Amino acid sequence: MSWLKQLIRKKNLKETAQEGSQLGKVLSTFDLTALGVGCTLGVGIFVLPGAVAKYLAGPGVIFSFFYAALTSVFAGLCFAEFGARVPKAGSAYTYSYVTVGEFIAFVIGWTLIMEYAIGSASVAKGLSVYLSSSFNGKLEDFHRRYFPLGETPFFAEYFDFFGFIITITTTIGLAVGVKESVLLNNFLTSINVSIVLFVIIVGSFKADLKNWEIPASDVPEWAGTGGFLPYGISGTIAGAATCFFGYVGFDCISASGEEVKNPQKAIPLSIILSLTIVFFAYFGISAVITLMWPYYLQDPDAPLPYVFLKVNWPWAQWIVVVGGVFGLLASMIGGMFPLPRIIYAMANDGLLFKCLGIVNVKFQTPLIGTVISGIITGIMAGALKLKQLVDLMSIGTLLAYTIVSACVLLLRDSEPYEYIEQTNLVTSKIKVTFRSILGQLFNYKVLKTPSEITSTVVTINTFLFSKLAITYFTAWYNFGVYFNALF
């Protein structure tokens with residue numbers, strides 16, 4: 001039984017929240033917001049609006065991004081609450097450790113490592129592909145000629161040396177100092193946001209409302225029925241599922257909790273600010289490009305340069321291309337920034353090699369963990385295909401968001417707020433029995449403070465709801481035709 005207790009043992013929330021840190025506290029609210037925007041507003045802003053508009057939602061893509069933003073805000077609020085209560089490095093790993101136990105934390109920790117490593121590798125790969133397409137495929141031809149890997153089902157046909165080099169360069173920058181890396185990220189993110197504003201403002205001069213009112217007779221058969229919602233409401237909802245991944249990345253803010261000057265205030269505020277900025281960016285870009293050019297003629301791979309080329313503004317096209325490079329670099333920094341922090345937290349807890357958590361005295365960064373994670377990420381960026389990278393990243397993201405959301409429910413009814421200085425709440429002590437659990441379902445004792453019994457009830461209910469949801473959607477996915485016939 002001792003091994004089972006070790007699997008479910010939890011870190012003390014009060015002690016964890018008050019632990020000291022060897023990392024330098026240099027990040028402000030502005031730095032965190034820029035980090036979140038830079039990490040989130042990367043590949044998506046230059047790809048998603050065109051692809052979703054063309055194949056899923058039409059001009060209704062603006063609603064797709066709105067629905068996706070609502071979902072992301074709920075997840076963001078969960079991270080914001082935990083970030084304020086437990087301002088430590090580790091993000092979802094640390095949150096699950098203090099709430100559900102060591103085994104789940106170990107799984108989530110490795111999931112986050114996979115998510116951030118693969119996410120950073122996909123951005124590096126995307127940057128290489130983006131530059132290659134901007135220069136007529138010359139970069140790809142260079143790689144195919146000098147770094148071939150052959151035909152394999154999983155690995156790329158060539159080793160992307162540029163993607164590897166840009167990853168290693170970013171790693172060196174993150175290793176030598178947080179402050180310097182954040183200053184560079186702030187600069188790159190500012191340029192990225194400026195490019196977004198440029199597209200929205202300049203593109204509006206070429207906007208034509210007729211592109212939102214195209215009759216069905218003028219569109220191809222595969223492109224729906226024309227108008228504002230050519231694929232119907234269902235297309236807009238399907239587009240929202242894809243657009244959700246355009247908001248992935250704000251969780252990098254919570255991973256840097258130990259390096260924030262005022263985490264209780266800065267982390268929640270920066271998460272909400274970054275999601276708000278990203279939403280308006282997606283909303284504005286989607287509206288402008290579908291007003292400039294018909295939705296069914298959009299370029300799904302590089303819609304922003306394409307629409308300016310089609311309206312005979314090549315000078316604007318190249319401004320967008322250059323801005324895209326800066327945006328992807330900012331996303332690269334934001335994606336790689338949390339990775340060594342996760343490794344640092346796990347190493348300090350004894351779940352990884354201790355050497356990976358050693359903080360360099362001069363740079364105040366986990367130097368060994370940063371370098372090793374950067375090398376692995378670089379190899380992945382060079383050797384793997386972009387599609388495989390994106391698919392693997394999605395798994396880690398959804399799992400992390402799900403666990404953090406569940407942990408918030410569990411934490412509220414299982415832990416006192418005594419580590420927050422302003423509170424006077426205490427924990428009720430009630431013996432846990434089947435009768436007490438049944439009674440608490442109806443709260444017949446009208447408890448107003450967390451207790452062991454409320455923790456048990458919430459844990460059981462959360463588990464049952466999760467199990468029911470997974471069972472239902474699995475059945476619907478496999479036997480959807482029968483569900484539709486019944487209902």
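Cβ atoms are placed via backbone N, Cα and C, with glycine included.
Per TrEMBL, the features are:
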type	residues	note
TRANSMEM	32-55	transmembrane segment
TRANSMEM	61-80	transmembrane segment
TRANSMEM	92-113	transmembrane segment
TRANSMEM	158-176	transmembrane segment
TRANSMEM	183-205	transmembrane segment
TRANSMEM	228-250	transmembrane segment
TRANSMEM	271-295	transmembrane segment
TRANSMEM	315-339	transmembrane segment
TRANSMEM	351-380	transmembrane segment
TRANSMEM	392-411	transmembrane segment
Problem - Cβ contacts the transmembrane segment (92-113)/the transmembrane segment (392-411), at least three under 8 Å, sequence gap 6 or more - result: yes
Practice task
Quick one: find which recorded stretch in 61-80, 158-176, 183-205 has the most Cβ pairs under 8 Å with the transmembrane segment (351-380).
Solution key: 158-176
Practice task
Answer with yes or no whether the transmembrane segment (61-80) touches the transmembrane segment (392-411) by the criterion of at least three Cβ pairs under 8 A, sequence separation 6 or more.
Solution key: yes
Handout entry: Contact call for the transmembrane segment (271-295) and the transmembrane segment (158-176): at least 3 Cβ pairs under 8 Å, seq gap 6+
Key = no
Exercise for the section: May I ask whether the transmembrane segment (158-176) has at least three C-beta pairs under 8 Å with the transmembrane segment (315-339), counting pairs 6 or more apart in sequence? Expected result: yes
Fill in the blank from the handout: Tertiary contacts of the transmembrane segment (183-205), defined by C-beta under 8 angstroms and 6+ residue spacing from its ends, are 30-31, 34-35, 37-38, 41, 45, 173, 277, 281, 284-285, 288-289, 291-292, 304, 307-308, 313, 316, 319-320, 323-324, 326-327, 329-330, 333-334, 337
